[in-house]
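Engineer: First the structure, which I've put down as structure tokens, then a few questions once you've had a look.
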Amino acid sequence: MTTLAIVGGDCLRPDGTVERADVLIDKSTGEILEIGEDFSADETLEATDCLVTPGFVNGHTHVAMTLLRGYADDKPLDAWLSEDIWPAEAALSAEDVRAGTELGLLEFIKGGVTGFADMYFEVSEIAAAVEEAGLRARLGHGIVTVGKDEADARADAQESLDVAREFDGAADGRISTAFMPHSLTTVSQEILEEFVPKARADGIPVHYHANETTDEVHPVVEAQGVRPLEYADDVGMLEPDDFVAHGVHLNEREIELLAETGTGVIHCPASNMKLASGMAPIQELLDAGATVGLGTDGAASNNDLSMLDEARDAAMLGKLAANDASAVPAEAVVEMLTRGSADAIGLESGRLEVGGVADLAVIDLEAPHLTPRHDLVSHLTYAAAASDVRHTICDGQVLMRDRVVQTLDEAAVRRRATEHAAAVLERVA
Ligand SMILES: N[C@@H](CCSC[C@H]1O[C@@H](n2cnc3c(=O)[nH]cnc32)[C@H](O)[C@@H]1O)C(=O)O
Ligand SMILES: [Zn+2]
């Protein structure tokens, strides 16, 4: 057994309290062995004047979209996707996806993110990058059937199923998968009815965008005569392991359905604000007992992958949406940022506790904007930034030590991404 001790810091415990303690980790199993003091360990990470928290979990993203960061801004969802993003994505090669993914994973590690759920294509490249970077992820191939003939639509869905089967358990178990129809309006009913039961039979969860804009709700109501999530329930897409992104426009029955079925909801406040999609009823979802996590969505609709920015946005937007300053308080946000997302996407992390997986972020508190230290949960939600993260640990391995990423060559990853992004834009121009 090789051990790692994180020494000198304050620990954020699952009950929301903060206590002065060291953390002892078994590097071979990636497990937290003890939380206390005076451990002798093979290796130490210095955390004096730092907060040790569960690693942040990005519950919904398209990580390779870092290549399109700043490429198309200031448009609503449908025009943004059909006029800019989809044509650009059609020009992406497997190598481009790899370069964009590595850039995104670098940004994750530098911002204390240890786990994420990703919907994209060229998933074998994404899985290889995740394995190399040392992160934990639930990956899937996004299916779109609109504008495709039956054979192409079925091939896309089959690919999503095949990818989910192939990569489950990859990277020493750090990679899990899901079947990922893009949304209830971009994938046909026939495809959902044929393929969702196949995923279900293999125990594969389903992840999709749902109720993101009103333009996405109305066509379902018209075609099906029921609300989108009632339709999702009818086609078997609301099960405890399933999770939806957004859930902005929900009625009471849909909120109830999400809570009753245990389907996770990933709130993406920055994307919702940037695309002017609307304000998700997060306090109502929490009151109903739904499992709620946070996600950045892709870098083209955010435009960064900072989960600490997302936390602040969730608190701010949650209050505006509820017209109540006490709604979506800091404790609820920190929960969404860590175990809320982890539970929603089915990752075994999000808790700093003995026996838990050692997926951790260490935040440097020695900064003007984190002074004084009245309440560290408040600081995490409202004041801390990705650049305050000092160390990142996933599965017991140190992915970043003193802001130096250990698993990826930062300069090379940034250079490659810059080159690939420029080449893609030349091809679409
Ligand atoms: N197989 C599909 C790709 C689907 S991947 C998932 C898709 O979700 C898109 N996407 C990113 N952000 C959002 C969002 O907020 N709502 C809906 N779709 C999004 C993203 O650009 C990507 O095309 C194809 O070949 O076009
Ligand atoms: Zn998305």
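Easy rule for this one: first residue shown is 1, then count along the chain.
Placement of Cβ uses the backbone N, Cα and C atoms for every residue, glycine included.
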Engineer: Among H209, H391, H420, indicate the single residue that TrEMBL lists for the Zn(2+) site containing H60, H62, D297.
Structural biologist: H209
Engineer: Fill in the CA-CA distance, H209 (Zn(2+) binding site) to H182 (substrate binding site), as an integer in Å.
Structural biologist: 6
Engineer: Please list, in sequence order, those binding-site residues from H182, E212, D297 with the Cβ less than 6 Å from ligand 2.
Structural biologist: D297
Engineer: Would you find the one among the binding-site residues H60, H62, H182, H209 whose Cβ has the most company, meaning other Cβ atoms within 10 Å?
Structural biologist: H60
Engineer: Rounded to a whole number, how many Å is the Cα of H60 (Zn(2+) binding site) away from the Cα of H182 (substrate binding site)?
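Structural biologist: Cα-Cα distance, H60 (Zn(2+) binding site) to H182 (substrate binding site): 12 Å.
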Engineer: Given that the record lists E89, H182, E212, D297 as binding substrate, what is the largest C-alpha to C-alpha distance among them, in Å?
Structural biologist: 21
Engineer: State the three-class DSSP label for H209 (Zn(2+) binding site), counting H, G and I as helix, E and B as strand, and everything else as coil.
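Structural biologist: Looking at the DSSP assignment, H209 (Zn(2+) binding site) belongs to a strand.
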Engineer: Please report the distance from the Cα of E89 (substrate binding site) to the Cα of H62 (Zn(2+) binding site), rounded to the nearest angstrom.
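Structural biologist: So the Cα of H62 (Zn(2+) binding site) lies 11 Å away from that of E89 (substrate binding site).
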